[in-house]
Amino acid sequence: MSKITSSQVREHVKELLKYSNETKKRNFLETVELQVGLKNYDPQRDKRFSGSLKLPNCPRPNMSICIFGDAFDVDRAKSCGVDAMSVDDLKKLNKNKKLIKKLSKKYNAFIASEVLIKQVPRLLGPQLSKAGKFPTPVSHNDDLYGKVTDVRSTIKFQLKKVLCLAVAVGNVEMEEDVLVNQILMSVNFFVSLLKKNWQNVGSLVVKSSMGPAFRLY
């Protein structure tokens, strides 16, 4: 049973959008983030959960993605306007931790040709996995543009050592209804990952990149 109602979320979304689109409009597209605080959870003892949810609308349309591809997918990436690296490019990194860390920071997510996915850990070590950015596989039969949109629309809740998480659930150009729906979907999915569901939720806050925080719970 959800502890927050759509009317409650709508009230805050109205204020958030008014602030970002009227009171203080920025010259870039602000992301709307859901920030979560946990309680009665011990990341050392309790299971560290991880879950992904594909939202109906893409929260960050300008999210940066890089494709590790064979010749076919490197070509396709160019036509989709997405950065790509070949196996040779990855080999040139020479397992250098600094360079791999820089690559991991430069992009929000990665996609890899199915034929290459098994080589990624060998070429790049465990760093992408540690950052929660292990590539999503794509086959030659998949629509690459569709896959890029899927990756941009998928949010990930992953508990590490600290009891707070933040995920992008939308942006300030979205319609009010769309944003309310994305927030409710994200909250309900997140709560379903928790051991004791709502008993583990300490706080739920939504905020735009530069705007004030609105507490939902």
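Placed from the backbone N, Cα and C atoms, the Cβ positions cover glycine too.
Listed features, source Swiss-Prot:
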MOD_RES   Ser2  N-acetylserine
MOD_RES   Lys47  N6-methyllysine
MOD_RES   Ser79  phosphoserine
MOD_RES   Ser86  phosphoserine
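Swiss-Prot feature annotations superimposed on the structure.
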| residue | record | contacts (Cβ under 8 Å, 6+ apart) |
| --- | --- | --- |
| Ser2 | N-acetylserine | Leu184, Val187, Asn188, Val191 |
| Lys47 | N6-methyllysine | Lys195 |
| Ser79 | phosphoserine | none |
| Ser86 | phosphoserine | Phe68, Gly69, Asp70, Ala71, Val74 |
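Look at the residue listed as 'N-acetylserine': DSSP puts it in coil. In this structure, Ser79 (phosphoserine) is part of a helix by DSSP.
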